[in-house]
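Undergrad: This is the structure, below, for whatever I ask next.
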Amino acid sequence: MNIQVLPDHLSSVAPLKPCNVEKKDVELILVKDQNGVQYTSSAIISTPGPHVPNCNGEDLEERETWGKKIDFLLSVIGFAVDLANVWRFPYLCYKNGGGAFLIPYILFLVIAGMPLFYMELALGQYNREGAATVWKICPVFKGVGYTVIIIALYVGFYYNVIIAWSLHYLFSSMTSELPWLKCGNVWNDVNCTIPIVQNRTFLGNGTSYAKYKMTPAAQYYERGVLHLHESNGIHDLGVPRWELVLCLVAVVFILYFSLWKGVKSSGKVVYITATMPYLVLFVLLIRGITLPGAMDGIRAYLHIDFKKLNDPKVWIDAATQIFYSLGAGFGVLIAFASYNKFDNNCYRDALLTSTVNCVTSFFSGFAIFSVLGYMANKHNVRIEDVATEGPGLVFIIYPEAISTLPGSTFWAIVFFIMLLTLGIDSSMGGMEAVITGLSDDFMILKRNRKMFTFVTAFGTFLIALTCVTNGGIYVLTLLDNYAAGTSILFGVLVEAIGVSWFYGVDRFSEDIERMMGFKPGLYWRLCWKFVSPTFLLVVVIASIVTSSSLKYDNYEFPPWSNIVGWGVALSSMMFVPAYAIYKFLSMPGTFKQVSGTANTSHLLHSIYKETLRCVTGRTGKTPRSSLPLFVLLVLTHLHPAMSYYICSSPLHSVQ
């Protein structure tokens, strides 16, 4: 019986037709070599194998899927739209030429951001695996999967703490008078000064209002919440603050009960966490533009200074912002897409969600700078004196502005609910990447998902305790700079090279065609093969060249802390070379043989099984052919299409 195997249906992941068959391994034994003819004995044994889709795109192994398409879209948007969209992009846009900054930002979105986003969604959806096991397409690169999983875990250590701060502020806002409105509280010192008497002269030459630490809002954040004044530096952390510990416990429990049942539960949570920020931003914008000085802030946000484009730092800021904003490389997009239906249009999803993310960043700038314009007008200072980014914006400047408004309690509650929801769904995405990535690799974890989810959440809680001590902000700053800085850029660079150059853009395009019925256009293939890797290489080099010693305001970190930071970064990056070395050493043959087959082993395995099935027919017996099975393997190695001719030849079929 002949089985036709067409060359254009060969794949390293999807089996050849007939597809819906039981997965088997082949045991080949050399019996003897007589007169130049090798006689072999083979046995076909059942074994659990890697997941593959059948010809109709259905799973051969049961895998959970999203309840609805909107669950997936909201999850991706919720992950990508995080705190950085609110506290980083608006300031970068203002600092780097206003509207002129959008030129490099949109350019890098189109030539690098979207292609990487699309690549990860397609990679996860086709293979239906997490960040580690998805590298069955090219096993020598599996270490990249472990790298991004470790990085996602590291980010959870400190990102949950920022969410805990938001929860602490939310609880503190439920009073008739906000605690950061006036001095005279137990956390204030004698230097605390009511902001109403401030002016540019009082602040002194070279001191911006955003950096002034004597306002009630600044002292509430650093002395009332962080208790930073009780620490002398990163070497003097002190004990965890019980108020923040309780908030952290609440955050961990929210994450656990959102993820313990997989995407069936997390897909429902994002209906609130992914949509609430848009509602709040809109409400804050409407309130903001009614304030005196708001138009001055918006004009400062949108002013166009094309001369800024001559500064390479502007282009570096645009490149890094678009990369971190979209969230490629953390394994989250691969994990989320792996729960899609096989024929889902991930191309449309990539364009939609990446565009929504970037538009959200731009839109949030209006809500932020309308209030900053009001602050500048109120204190008679320039916009640049109140403009800042990061925690200083959302935990000092913005809360201070809210505290001066009528109905300040309501506005504070609304604002911190927005921060809480922005953080929760992004943290959910990172933890899901860890859980999916490791449970797909180790079946014992998949069978005990609830327990594994609890262990992961509790583990992040234990490490995060170091970030809620008196000197916890120093630990958080160290992790924020090193845990997901150069290391994540390196991981995505290797990922892009692995997919585009080792697995192959043509083969990857064929995979996409099997899912959606059309191949990616020439533009996407060129971006994947040349533009995106080049972009990432430049960003990696720029991040290393521009790196400097750690600082938090005026505090200089000791030299040993920078060594610890690079140790944290290398601890995740080391998985790439370590696993590659392990893979080469564990494979039989010489280095030259191994290097030539390491990235095609799964392809050869799939083709060889089909070829063997053609040769043995239904009986499973190997004929004593002058063309032994070993030669068949060599021929299929030389060119996969050889299996078509072998299967088509009646000479090698069992009649």
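Placed from the backbone N, Cα and C atoms, the Cβ positions cover glycine too.
Since the structure is predicted, the reported quantities are computational estimates derived from the model, not experimental observations.
This is the feature table in TrEMBL:
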- Gly78, Ala80, Val81, Asn85, Ser325, Asn357, Leu422, Asp425, Ser426: Na(+) binding site (BINDING)
- Cys183-Cys192: disulfide bond (DISULFID)
- 72-90: transmembrane segment (TRANSMEM)
- 102-123: transmembrane segment (TRANSMEM)
- 144-171: transmembrane segment (TRANSMEM)
- 239-257: transmembrane segment (TRANSMEM)
- 269-289: transmembrane segment (TRANSMEM)
- 322-339: transmembrane segment (TRANSMEM)
- 351-376: transmembrane segment (TRANSMEM)
- 396-422: transmembrane segment (TRANSMEM)
- 452-476: transmembrane segment (TRANSMEM)
- 482-505: transmembrane segment (TRANSMEM)
- 526-544: transmembrane segment (TRANSMEM)
- 564-582: transmembrane segment (TRANSMEM)
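Explain the structural surroundings of these features, please.
TA: Shown in sequence order, Cys183, Gly184, Met214, Thr215, Pro216, Gln219 are the residues of the chain, 6+ apart in sequence, with a C-beta less than 8 angstroms from the C-beta of Cys192 (disulfide bond).
Panel annotation: around the transmembrane segment (102-123), residues 76, 93, 134, 309, 314-315, 318-319, 321-323, 325-326, 328-329, 333-334, 336-337, 346-347, 349-351, 353-354, 358, 362, 492, 496, 499, 508, 511-512, 515, 520, 524, 527-528, 531-532, 535-536 of the same chain, lying at least six beyond its termini, place a Cβ under 8 Å from a Cβ of the stretch.
Cβ atoms under 8 Å from those of the transmembrane segment (239-257) belong to residues 160-161, 163-165, 167-168, 171, 225, 227, 265, 424, 427-428, 431, 453-454, 457-458, 460-461, 464-465, 468-470, 472 of the same chain, restricted to positions at least 6 beyond its ends.
Panel annotation: around the transmembrane segment (269-289), residues 71, 74-75, 77-78, 81, 258, 295, 298, 360, 363-364, 366-367, 370-371, 374, 405, 411, 414-415, 417-418, 421-422, 424-425, 428 of the same chain, lying at least six beyond its termini, place a Cβ under 8 Å from a Cβ of the stretch.
The list of residues near the transmembrane segment (452-476) in space but at least 6 beyond its ends in sequence, with Cβ under 8 angstroms from a Cβ of it, reads 153, 156-158, 160-162, 164, 226-228, 230-234, 236-241, 244-245, 248-249, 252, 255-256, 259-260, 431, 434-435, 438-439, 445, 552, 555, 557, 561.
Beyond the transmembrane segment (564-582), the same-chain residues lying 6 or more positions past its ends with a Cβ under 8 Å from any Cβ of the stretch are 140-144, 146-147, 150-151, 154, 478-479, 481-483, 485-487, 490-491, 494, 550.
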Undergrad: Around the Cβ of Val81 (Na(+) binding site), how many other Cβ atoms lie within 10 Å? Please give the count over every shown protein chain.
TA: 27
Undergrad: In the same chain, which residue numbers or ranges, 6 or more beyond the ends of the transmembrane segment (322-339), come under 8 angstroms Cβ to Cβ?
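TA: For the transmembrane segment (322-339), the far contacts come to 63-66, 72, 75-76, 79-80, 82, 84-85, 89, 105, 108-109, 112-113, 116-117, 120-125, 127-131, 134, 145, 148-149, 151-152, 155, 262-263, 346, 354, 357-358, 361, 426, 429-430, 432-434, 436-437, 440, 484, 488-489, 491-492, 495, 536, 539.
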Undergrad: Please work out the number of neighbouring Cβ atoms within 10 Å of the Cβ of Gly78 (Na(+) binding site), leaving out its own Cβ.
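TA: Within a 10 Å radius of the Cβ of Gly78 (Na(+) binding site) lie 27 other Cβ atoms.
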Undergrad: For the transmembrane segment (526-544), I need the partner stretch with the highest count of C-beta pairs below 8 angstroms, choosing only from 351-376, 396-422, 482-505.
TA: 482-505
Undergrad: Count the CB pairs under 8 A between the transmembrane segment (144-171) and each of 72-90, 396-422, 482-505, then give me the winner.
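TA: Stretch with maximum Cβ contacts: 482-505.
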Undergrad: Against which stretches of its own chain does the transmembrane segment (72-90) lie, if we need a Cβ under 8 Å and a gap of at least six residues from its ends?
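TA: Residues 66, 121, 162, 263, 266-267, 270-271, 273-275, 277, 301, 321, 324-327, 332-333, 336-337, 339-340, 344, 349, 352-354, 356-357, 360-362, 364-365, 368-369, 389-391, 393-394, 418-419, 422-423, 425-426, 428-430 contact the transmembrane segment (72-90) from elsewhere in the chain.
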Undergrad: So which other residues, same chain and not among Gly78, Ala80, Val81, Asn85, Ser325, Asn357, Leu422, Asp425, Ser426, have a Cβ within 8 Å of the centroid of the Cβ atoms at the Na(+) site?
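TA: Leaving out the recorded residues gives Ile77, Phe79, Asp82, Ala84, Pro277, Gly327, Thr360.
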Undergrad: Taking every protein chain shown into account, which of the binding-site residues Ser325, Ser426 has the largest tally of Cβ atoms within 10 Å of its Cβ?
TA: Ser426
